[in-house]
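Feature list (source: TrEMBL):
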| type | residues | note |
| --- | --- | --- |
| BINDING | B:THR13, B:ARG83, B:GLU84, B:TYR135, B:ASP245 | sn-glycerol 3-phosphate binding site |
| BINDING | B:THR13, B:ARG17, B:THR267, B:GLY311, B:GLY412, B:ASN416 | ADP binding site |
| BINDING | B:THR13, B:THR14, B:SER15, B:THR267, B:GLY311, B:GLN315, B:GLY412 | ATP binding site |
| BINDING | B:ARG83, B:GLU84, B:TYR135, B:ASP245, B:GLN246 | glycerol binding site |
| DOMAIN | B:5-252 | domain 'Carbohydrate kinase FGGY N-terminal' |
| DOMAIN | B:262-451 | domain 'Carbohydrate kinase FGGY C-terminal' |
Amino acid sequence: MSGAIQSLSRAAAILRLLAGGERRLGLSEVATGLGLAKGTAHGILRTLQQEGFVEQDPDSGKYQLGAELLRLGQSYLDVHELRARALVWADDLARAAGETVYLGVLHQRGVLVVHHVFRPDDSRQVLEVGSMQPLHATALGKVLLAYDPVARGELGDGPWEAFTPRTVTEPAALDAQCALVRERGWADAVEETWEGVASVAALIQDRRRNPVGAVCVSGPVETVCEGGAVRPSLVASVRTAARAISRDLGAHRF
Amino acid sequence: MTASYIAAIDQGTTSSRCILFGADGRIVAVEQQEHAQIFPQPGWVEHDAAEIWTRVQAVVRGALEKAGLTREDIRAVGITNQRETTVLWDRHTGEPVHHAIVWQDTRTEALCRELGRNVGQDRFRRETGLPLASYFAGPKIRWLLDNVEGLRERAEAGDILFGTMDTWVIWNLTGGVDGGRHVTDVTNASRTLLMNLHTLEWDERIAESIGVPMAVLPEIRSSAEVYGEAVGVLAGVPVAAALGDQQAALFGQTCFDVGEAKSTYGTGTFLLLNTGERIVNSYHGLLTTVGYRIGDRPPVYALEGSIAVTGSLVQWLRDQLGIISTAAEIETLAGTVEDNGGAYFVPAFSGLFAPYWRSDARGVITGLTRYVTKGHLARAVLEATAWQTREVVDAMQKDSGVTLTALKVDGGMTSNNLLMQNIADVLDVPVERPYVAETTALGAAYAAGLAVGFWDGLDTLRANWHRAAEWTPRMDDATREREHRNWLKAVERTMGWIEQDDEQPQL
């Protein structure tokens, strides 16, 4: 293996050793198991321990795999799992708000709609699950940009497409809005994607507080807004729903 | 102060729940407690009815506390329940004489064959709409009378009462030994093999054939009327509805018109079609049952078809094969491919049910080539649920002459977007999901609310139903027909696997 860093290869070997068989090993067992000097093995184990990849049992002094590895393995949340967990809350939000509800996740520099609840008026509506929305011009997108560094990184430097005269197209203005989103805990987009449509969104997190998606209420400006701003009661409903979904994600294995 | 909420008690197979609803049908509070599943030997499943009653009382109290309400806020209480589960108790002490025998319990299989005599399992079908099968309550009563020491004598002396779980809950709720009402509703009674569908009364001749003394049977009432007043936590609240769980879901989905159908997708799937005032005899292996009856209005009948393996096939992939780690992942996996790659999966794990009824069949995965991936298999798994739905719907249309125009769905699997789209595609009708996943409890609440005038009629309830999602058919006819032919070929390949029916182990 050309260019391999020896200490990383050894660290990987130690993790594999701890993952198999005994699962709890003392320092000398690790050292002899891999043919390393005790001092070398100890140095690597200590570094792994500092990173949370390895834990040491305080009584026996033996080493085992750490919780951080588990977190890395589970940080990926299946979007269908997200929908299944969010179903009840999203229904309730749409009923309470009297408007359309979307759940979105980051996907290929945009927002992928993973769940859509119809506006409860039985008018003809088409399911939009699987469609994409722009990151910079929607409330869902702005929440993801504000909390997920990956999303902001993927969006790049702009300027971005203007869908309406109100679309934010410059990085400085968008970053300022994202700072406000983080401060308030919610995002809005009033006529920034479509004329006449306003939306308000809040963040969904897993138990480790990773940003996994966003939930929003979307509807005509006339019903969503009041005096040019999103109605406070809608903001409260969206944030309550986002918290409830996050709680449901954290209560289980994620 | 006016009482502005309705309580629903949902006494299910694994848990009891109390859900409080507001006037618009929205959920105000939910409380749930599980009860023990008792497995005395393979194939036997029992519940402790006394434990269930304790749980029911606890969840009612819990729901009221959660919502910050008192019994004075509750206008009426309705009951929905696991169907067919059978309990006998002493009317003087209120003590069950034996654990309740649960619907899944197969101990009466041999008895049912014996009761079929030379006619077979359709001996009582014309009167009751049901085949002689171990699910239904009548033979379970007979088993208890035969196997609990001295019980038959006590029953004939009038000391013993029978009930499905609706009856048990209502009797206890309305006072138990102190004047509890011994009643059941038409939907639950229609699952006993003892009620005549035409008269909606106990059929004395059949009761005698099965060996059930009339003295143990409750009075059959409608699904929505005041049976009595509650005592205890809900003291003074009218007990005003009872519906078996699947019928309650039909009612909660507001399938009030002929031709309206609902399908509940869970571990298994239950499809009910409203056939109005007509009793439709099935020649395709469906059950004829009472859908509901409101007060003294004419009863509304239904055809019922069940699919044994739907959600449980996804669980099988997760637990037995381990190719997914959560049920929801099936959709992710299926999403990695465009189609089934030529693979078809017929999950005839314990034979084929409606409309085939072939106990010699076993499951197959067919059409395999080197090209097929686990993604294709995931597709085939979802398509299996869709095609099985299609077969039940086709059977219903043949039996009833009614054409389905839309399918209302509920249950856990409705969160699977690809599956719902698939069902719309193969049925070639829109699939609609309403708000409120709790259609079963909602149905019981609706019936109770109607009985006390909380809601003024079916139109008000219909206005409460809102579409939360709709999947419209996208598959072209040629593809649908080709896929259907392939599915039927796959089904054919399941048959005749078990060579002699008799060699199957009897549970």
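Cβ coordinates are placed from backbone N, Cα and C, and glycine is handled just like the others.
Sorted by the number of other CB atoms within 10 A, the binding-site residues B:THR13, B:THR14, B:GLN315, B:ASN416 start with B:THR14, the lowest.
Geometry remark: B:THR14 (ATP binding site) versus B:GLU84 (sn-glycerol 3-phosphate binding site), CA distance 14 Å. Binding residues for ADP (B:THR13, B:ARG17, B:THR267, B:GLY311, B:GLY412, B:ASN416) extend across at most 25 Å, taking the greatest CA-CA distance.
For the glycerol site, whose binding residues are given in the record as B:ARG83, B:GLU84, B:TYR135, B:ASP245, B:GLN246, the maximum C-alpha distance rounds to 15 Å.
Other Cβ atoms within 10 Å of the Cβ of B:GLY412 (ADP binding site), summed over all protein chains shown, number 17. Taking each of the binding-site residues B:SER15, B:GLN246, B:THR267 in turn and counting other Cβ atoms within 10 Å of its Cβ gives the largest count for B:GLN246. B:TYR135 (sn-glycerol 3-phosphate binding site) sits 15 Å from B:GLN246 (glycerol binding site), taking the CA atoms of both as reference points. Of B:THR267, B:GLY311, B:GLY412, all annotated as binding-site residues, the residue with the shortest Cα distance to B:GLU84 (sn-glycerol 3-phosphate binding site) is B:THR267. Checking Cα-Cα distances from B:ARG83 (sn-glycerol 3-phosphate binding site) against the binding-site residues (B:SER15, B:GLN246, B:GLY311, B:ASN416) with a 10 Å cut-off leaves B:GLN246, in sequence order.
Around B:GLY311 (ADP binding site), a 10 Å sphere centred on its CB holds 21 further CB atoms from the protein chains shown. Listed in sequence order, the residues B:GLN82, B:THR85, B:TRP103, B:ARG191, B:GLY244 complete the 8 Å Cβ shell around the glycerol site centroid, once B:ARG83, B:GLU84, B:TYR135, B:ASP245, B:GLN246 themselves are left out. Note: the CA-CA distance between B:ASN416 (ADP binding site) and B:GLN315 (ATP binding site) rounds to 14 Å. Distance noted between the C-alpha atoms of B:THR267 (ADP binding site) and B:ASP245 (sn-glycerol 3-phosphate binding site) is 15 Å.
According to its DSSP assignment, B:THR13 (sn-glycerol 3-phosphate binding site) is coil.
Over all protein chains present, the Cβ of B:TYR135 (sn-glycerol 3-phosphate binding site) has 22 other Cβ atoms lying within 10 Å. Counting only the Cα atoms, the space from B:GLN246 (glycerol binding site) to B:THR13 (sn-glycerol 3-phosphate binding site) is about 13 angstrom. Looking at B:SER15 (ATP binding site) and B:ASP245 (sn-glycerol 3-phosphate binding site), their Cα atoms lie 13 Å from each other.
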